[in-house]
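Down below is the structure, laid out as structure tokens.
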Amino acid sequence: MTVRMGFVIITSRCIDCDACMVACRAENDVPIGKTRNWVKSSGVQGEFPKVKEVFQPGNCMHCDHPPCVSVCPTGASQKRPDGIVIVETSKCIGCKYCLTACPYDARFANPETGKADKCTFCLQRLEQGLKPACVQTCLGKSRQAGDLNDPESVVAKLLAKYPSRQLLTYVGTGPNIYYIDDVVPEIPEGN
Amino acid sequence: MEITWGILIVIYLFTAGVSAGAMITSNLALLLGGNDFERVSRWGAFISPFPISLGLGVLLLDLGSPFNFYRLFMTLQVRSPMSYGSWAILLFTLLSVVYLYLWLPQKFQIIGETKSLEQWKKRLAKVIPFLSVGVASYTGLLLNAAARPLWTAPLLPVLFLVSALSTGAATVILFSALSPWQRARHRELQLLTKADALLIVLECFILLVMIVMGRLSSLSIAEAYGSMIYGQFAMIFWFLIVGLGLIVPFSLEYLELKEKISVRWTLPVTIGSSFLVLFGGFFVRYIITFAGQWSRWF
């Protein structure tokens, strides 16, 4: 089966430390004021004394049908055969069409280059057999990444065991970040 | 939500529409009206290349990497409206300059004979309208392709086309009524005004259908249209677009056509109504661009 790279994010394990954002910035030289990933808060839910707050980390969903790729006028936005969505910077003219087309607002205009910028799945790390920086650094082990089609991968094992949800599926993008809200006591071993 | 496409994009959307509209006005006046509508055809031809050129300049300024713009013309991405749109506006702008040249007085012509000149004008006038319709409406498809709730409306290209025709015709009215040289005759203005009034009615109808369809649609889309009719864009929508941009110019044009306006006031009313049509057309682009980016899925 073809490789389909994606993320599994366990919201119950996120403590909103924002280390993923710091690690991404350090690894990829993301300019201050912009970010390739984020942690969103649900705000306080419920009523005292039964209150809770859920954190939902995110980044580019590396969609199956990425609108950012189809709208790109120069072919700079591409979906690789392994599913990772990238920008070939030399071809990007900075029209910002992809920014408006992304329903997750996962892209930004890099103020230094004027071009579209986004999560690259840390390609430079994948080539060395490492996990993306945000996954590596996540102290709650909330962020997991890998080949969703490989049954031996951590992400596939998690998805086989726990119910998951994706964001804005009705927009038709086919996002490849799966969220698990259940309590996950143990992260399975895997690729 | 951060606004990625700002006022520069609005200016481009507006100017491209004016150019395409003025071009179609000129082409139709030449093909259907002949000599009786010569002034209107000529003014349409004279106006057409300029707004879109301004728009293209502004568009270039908006690029994050403007020196890379040539990349647009090294490929054709069939799924990207911006890609085929770029080719269309390039071709349109070039042809509009050729068309303008053919309308210049005899002494500037290198082709020579008046007869072959007329033939070329007519040939171009038969081809360019298709391109003009493309230039006026692809911007709607362009927004359709970006997955934003407000921009999912299938009528968006039609709205932009009708608004382009209306603003284009209004620009031709404005110039041909004001100019001391080649000033339009009463009959020309009368017909053009009638066409413009009809386009305004059509535009109102399209806006109405869009809003009703949007409000009956999913929550995100209903909310997006809500921002236009009672949310933070309501002032712009009701006051600047519906009021000053549609109802007032329509009423003025209606009174003009019914000859309820004294001769002394005819010119100011003509100028006022066509200016307001342009004003409204600009804010139609503004509200679609801004409210569209403000709208989000939930």
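Each Cβ is built from the backbone N, Cα and C atoms, and glycine gets one as well.
These numbers come from a predicted model, not from an experiment.
Per TrEMBL, transmembrane segment is recorded for B:6-31 (among others).
If you look up TrEMBL, you'll see B:43-64 (among others) marked as transmembrane segment.
With a threshold of 8 Å between CB atoms, the same-chain residues lying at least 6 positions outside the transmembrane segment (B:84-104) that come near it are 16, 19-20, 23, 26, 41-42, 45-46, 48-49, 52-53, 56, 72-73, 76-78, 111, 117, 120-121, 124-125, 127-128, 131-132, 134-135, 138-139, 141-142. Look at TrEMBL and you will find B:84-104 (among others) tagged as transmembrane segment.
Residues or ranges marked as transmembrane segment by TrEMBL: B:124-143 (among others). Same-chain residues lying 6+ beyond the ends of the transmembrane segment (B:124-143) with a Cβ under 8 Å from its Cβ atoms: 13, 16-17, 19-21, 23-24, 26-28, 30-31, 52, 81-82, 84-85, 88-89, 91-92, 95-96, 98-99, 102, 151, 156-161, 164-165, 288-289, 292.
As annotated by TrEMBL, transmembrane segment applies to B:155-177 (among others).
Per TrEMBL, the feature transmembrane segment maps to B:197-217 (among others). Beyond the ends of the transmembrane segment (B:197-217), by six or more residues, the same chain brings 150, 152-153, 155-156, 158-159, 162-163, 165-166, 169, 224-226, 228-229, 242, 246, 249-250, 253-254, 257, 277, 284 to within a C-beta distance below 8 angstroms of the stretch.
Annotation source TrEMBL lists transmembrane segment at B:229-255 (among others).
Annotation source TrEMBL lists transmembrane segment at B:267-288 (among others).
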Lying 6 or more residues past either end of the transmembrane segment (B:155-177) yet within Cβ distance under 8 Å of it, the residues of that chain are 13-14, 16-26, 39-40, 43-44, 46-47, 51, 133, 136-141, 143-144, 183-184, 188-189, 192-193, 195-196, 199-200, 202-203, 206-207, 209-210, 213, 249, 267, 270-271, 273-275, 277-278, 281-282, 284-285, 288
